[in-house]
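Quick notes on the structure that follows.
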Amino acid sequence: MCRGIGYNLTHMPNQFNHDTQDEAGLEVHQFWPLVEIHCSPDLRFFLCSMYTPICLPDYHKPLPPCRSVCERYGFAWPERMSCDRLPVLGRDAEVLCMDYNRSEATTAPPRPFPARPTPPGPPGAPSAGAECAAGGPSVCKCREPFVPIVKESHPLYNKVRTGQVPNCAVPCYQPSFSPDERTFATFWIGLWSVLCFVSTSTTVATFLIDMERFRYPERPIIFLSACYLCVSLGFLVRLVVGHASVACSREHSHIHYETTGPALCTVVFLLVYFFGMASSIWWVILSLTWFLAAGMKWGNEAIAGYAQYFHLAAWLIPSVKSITALALSSVDGDPVAGICYVGNQNLNSLRGFVLGPLVLYLLVGTLFLLAGFVSLFRIRSVIKQGGTKTDKLEKLMLRIGVFTLLYTVPASVLVACYLYEQHHRESWEAALTCACPGADAGAPRAKPEYWVLMLKYFMCLVVGITSGVWIWSSKTVESWRRFSGRCCRARGPKDAGAAGRADGGERGAHGQDRAGPPRRPPQAGEQNEVGPPQSSRVVLALLSRLPCVLWSACLQELHSCSCFCILVPASDRIVSNQLEVAHYGVSGVNIWNLRHGHWLSLSSRLVRGQLCARQGVGGS
C-alpha cells in the first residue's frame with residue numbers, strides 16, 4: 001500500500017512499537033477499504049506516515065504527519081491515532097511534521113466528505129493549516145504591524161512566538177486598537193492612577209498623624225492603602241516618562257520580552273506587581289484579623305502581638321514571587337498600559353504568577369470574612385436578646401460589609417478579566433498572523449474587547465480609591481484639625497520665645513527684676529496670692545480671635561517669659577480636659593495635669609486658658 005508514496009527509507013520501530021514493516025503492514029491493511037474508495041487523495045499518505053514514518057539521514061527524530069492532515073477526514077480514528085496527539089504545523093520550531101505535497105496529488109477531485117473540525121474558537125481566528133472558506137489552507141506569517149526577527153544575533157531569535165508564528169514579536173503598541181483608542185487608554189489609566197494616588201495618600205497621611213486611632217483588626221487597611229499608593233506610583237511613572245520608555249525595546253521597536261531590565265522597566269514592575277500582590281495578602285490578613293476579633297473574641301492587644309508575623313507574610317511572599325519572576329526573565333511589556341508586568345506575552349507566566357495567586361488570595365480572604373460575619377450576627381442576636389442596643393455593632397458590621405464589597409467586587413472582576421485574556425489571547429494573535437487567501441482585509445476578525453481591557457485597569461486601581469472609605473468619618477476631620485493646630489503652634493513658640501528673650505533682656509538692662517522661680521501649688525483653703533491683671537485679661541480675650549501665627553506679637557506686650565502660646569476661649573472657660581490653670585502668680589503659673597495627676601509649673605504672667613503649645617515643659 002505504501003509503495004511509491006514518495007520516500008523509500010522508513011524509521012523503525014514506529015510510534016506503535018512495530019519493529020518491522022511486515023508487522024506494521026498487517027495492522028495498516030485494516031484501513032485498505034478506505035483507500036480503495038478514494039475518499040481522499042491524502043489518506044494513503046496519512047496512513048503510511050503513521051505506520052511507516054519517513055527516515056531522513058540528517059534528522060534523527062520521528063517525523064509524524066501534521067495534525068491538519070489527520071483532521072481532513074471525518075473518520076473516527078482509534079485512540080492511539082487521535083489527531084490531538086499530532087503536532088501543529090508551525091507552532092513549535094523544534095518539532096517538524098509532514099504534509100502532503102499537493103503539486104504531486106492526483107487531479108481527480110476527491111469525493112465530498114465531512115471534515116473533522118478543530119475545537120471552535122472566536123470568529124476570524126484560523127489556525128495554522130486550517131482550511132479556509134475561499135479554498136486552500138490559511139497562511140501564517142509575521143505580518144505588519146508585528147516585528148519579524150530574522151537575525152540570529154537578535155537576543156530573542158528562536159525564543160518568541162506570536163500567533164503560531166516563530167520569531168515574530170508584538171509591536172510596541174496594541175495592534176488591535178486604533179490611535180484614538182490608545183490615546184483614550186492613556187487618559188483612562190492616568191485618571192484613575194491620579195485619583196488612587198490622592199485617596200491612598202490621604203489615608204496613609206491620616207494614619208501617620210493619628211496612629212493610635214487605627215489599631216488591629218482595622219490596621220491592615222492602612223497597609224493595603226499604602227500598597228495601592230505604590231501601585232499608583234508605578235502607573236504614574238509610566239504616565240510621566242511615556243509608554244515607549246517603559247514597555248518597549250528602543251533598539252528593535254517591539255515590546256519587552258523576557259527581560260530583567262532596563263532599570264525603568266524593572267522599577268515599574270516592582271511597584272505594580274510586588275505591591276499589588278502585597279495588597280492582596282494584606283486583604284487576607286485583614287479578613288483574618290476581623291475573624292479573630294469577631295469569631296475568636298481576640299482583643300486588640302492579642303491580635304497586635306502577631307503583627308510581626310503579618311508583616312513577614314505580607315512582604316516576604318511577594319518578594320519571593322518578584323525575585324522568581326525576575327530570575328526566570330518572565331517580566332515583559334504591556335502593549336496596552338505601557339507598563340512592565342508578568343504574563344503579558346507568556347500565558348504560563350500569567351497563570352502562575354498572577355491569575356493563580358489572585359484566585360487563592362480572594363478565596364481565602366472571603367472565607368475568613370464570611371466566618372467573621374457569621375460570628376458578628378450571632379453576637380448581635382445575643383445582645384438583642386439581653387435588651388441592649390446594638391447600634392454601634394450594627395454600624396461596625398455595615399462598614400465592614402461596605403468595605404468588603406468595595407474590595408471583593410473589583411478583585412473578582414479583575415480575575416474574570418484575566419481569565420478572559422488568557423483564554424482568548426492566542427486567537428487574537430492568530431487572527432492577525434494567519435490569514436486566508438483572498439480574504440477581505442476589512443472582514444471581521446477576533447480581537448480583544450476594548451471595554452474589557454479598560455475595565456481591567458480600572459479594577460487594578462479602584463480598590464486604592466475605595467480603601468479610603470474606612471476613614472470617611474468625623475474622627476478624621478478631628479484628627480486633621482488637631483494636627484493643623486499642632487503645626488500652627490509649632491511655629492508660634494519660636495517667634496514667641498525670641499520675643500520673650502528680647503523682652504527679658506530689655507527689662508534686665510533697665511534694672512527690672514526677671515521672672516522668679518515658680519511658686520508652689522496652692523494648698524487647700526489658700527487663696528491665690530496674685531490674680532490675673534485686668535489689662536492682660538482684656539488683651540488675651542482679643543487673642544482668642546487671632547490666628548495662632550499672630551500670637552507671638554501679642555505675647556511680647558504681656559512680657560511673656562516662656563516660649564509657648566496660650567489660647568483663651570471667649571467664654572473664659574476651659575475647653576481641654578487635660579490641662580487646667582489652678583494658680584496665678586507674678587512669676588509663674590501652676591498647672592494641674594488631669595491626665596497624669598501631678599503639677600506643672602510654667603514661667604509666665606498669663607492668665608487662665610487652654611495650653612496650645614509649650615517649650616521645656618514635660619509630663620503632658
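Glycine residues also receive a Cβ, built from the backbone N, Cα and C atoms like all the rest.
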Next on the checklist: Check for me: which candidate out of C2, C83, C97, C132 does TrEMBL give as the disulfide partner of C48?
Outcome noted: C2
Checklist entry - Sequence-remote contacts (6 or more beyond its ends) of the transmembrane segment (450-472), Cβ cut-off under 8 Å? => result 177, 181, 185, 188-189, 192-193, 195-197, 199-200, 202-203, 206, 218, 221, 224-225, 228-229, 231-232, 235, 276, 279, 336-337, 399, 402-403, 406-407, 410-411, 413-414, 417-418, 420-421
Checklist entry - Taking the domain 'G-protein coupled receptors family 2 profile 2' (185-479) alone, what is its mean pLDDT? => result 86
Checklist entry - Can we call the transmembrane segment (261-294) and the transmembrane segment (358-379) in contact, meaning three or more C-beta pairs below 8 angstroms at a sequence separation of 6+? => result yes
Item to check | Helix, strand and coil totals (DSSP H, G, I; E, B; other) for the domain 'FZ' (1-100) | outcome: 35 helix, 6 strand, 59 coil
Checklist entry - So how many other Cβ atoms are close to C2 (disulfide bond), meaning within 10 Å of its Cβ? => result 19
